[in-house]
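**Student:** If you scroll down you'll find the structure; I have some questions about it.
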Amino acid sequence: MTASRRCPLHPLPTAGAGLLLAVLLAARPASAGINLHNKCAFALGVYARSGSNPTYPYYLKPGAQQWLDFGPANLWPAGVIWASKSNNTNNGQATEIEFTIGGDMGNGLKQDFYDISLVNAYNHPVLVTPLNPPSVSGNWCGSPSCTISSLSGFCKLPNYLTGKDPACINKDGPGLVATTGTKAFKTACPKAYSYSKDDATSTFSCKWGTNYNVIFCP
Ligand SMILES: *[C@@H]1O[C@H](CO)[C@@H](O)[C@H](O)[C@H]1NC(C)=O
């Protein structure tokens, strides 16, 4: 089960319609996507959802990969990905990887945005890395990662362990200000969101049309 399977997140039009779209919308970059890669020593339920669309579950054995295709429109707004070794579909108890593919820049241009969010919780280590970046400079096409080596060592009051995975809940993460608890998450993972307004050091952007790797247990 290590072979990569293509699995569209949006229903794909027929080949003929796809070709017509490609001709009409030649200015759009070729369809891109995200490669999910489970490098953990254990199997993971990996979940992906865009906006209010349904959550797509993928069961990835150790070493397995899954290709998520953004489809011919190459859009994936308000996308979120998370993983759980106990198949916990509650993204409030997981490290979240957030993507907006083809975000509108307001001037007819589009751009991708991505980040790792510990605003709700941390459960598994993750690395996000662009596969074909046009250039890399700081948070432009950069590769955020977050690894906390000892959950039980790190996760003390005011943060706490819960659930089967387990996960360290970031109690103050959804708040508007940094607290002692959120600062502990920030120190552990400086390139990840530690609370909801932690934008400056946590938001990454890259050219529309870029492909990405999301690696669990990198
Ligand atoms: C998670 O789901 C997969 C696929 O349905 C299943 O094979 C596996 O046993 C489940 N794992 C747990 C811990 O429930």
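Cβ from N, Cα, C; glycine included.
TrEMBL does not curate its annotations; it predicts them automatically.
Quick paste of what TrEMBL says about this protein:
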- CYS141-CYS189: disulfide bond (DISULFID)
- CYS146-CYS155: disulfide bond (DISULFID)
- 1-32: signal peptide (SIGNAL)
**Student:** Please list, in sequence order, those disulfide-bonded residues from CYS141, CYS146, CYS155, CYS189 with the Cβ less than 6 Å from ligand 1.
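**Tutor:** Cβ under 6 Å from ligand 1: none.
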**Student:** Under DSSP, is CYS141 (disulfide bond) helix, strand or coil?
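**Tutor:** Where CYS141 (disulfide bond) sits, the three-state DSSP reduction gives coil.
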**Student:** Please report how many Å separate the Cα atom of CYS146 (disulfide bond) from that of CYS189 (disulfide bond), as a whole number.
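**Tutor:** One finds 5 Å between the Cα atoms of these residues.
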**Student:** Please report the three-state DSSP label of CYS146 (disulfide bond).
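**Tutor:** It is in a strand.
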**Student:** Taking the Cβ of each of the disulfide-bonded residues and counting other Cβ atoms inside 10 Å, which one has the highest number: CYS146, CYS189?
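**Tutor:** The largest 10 Å Cβ neighbour count belongs to CYS146.
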**Student:** How many Å separate the Cα atoms of CYS141 (disulfide bond) and CYS155 (disulfide bond)?
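**Tutor:** Cα-Cα, rounded: 30 Å.
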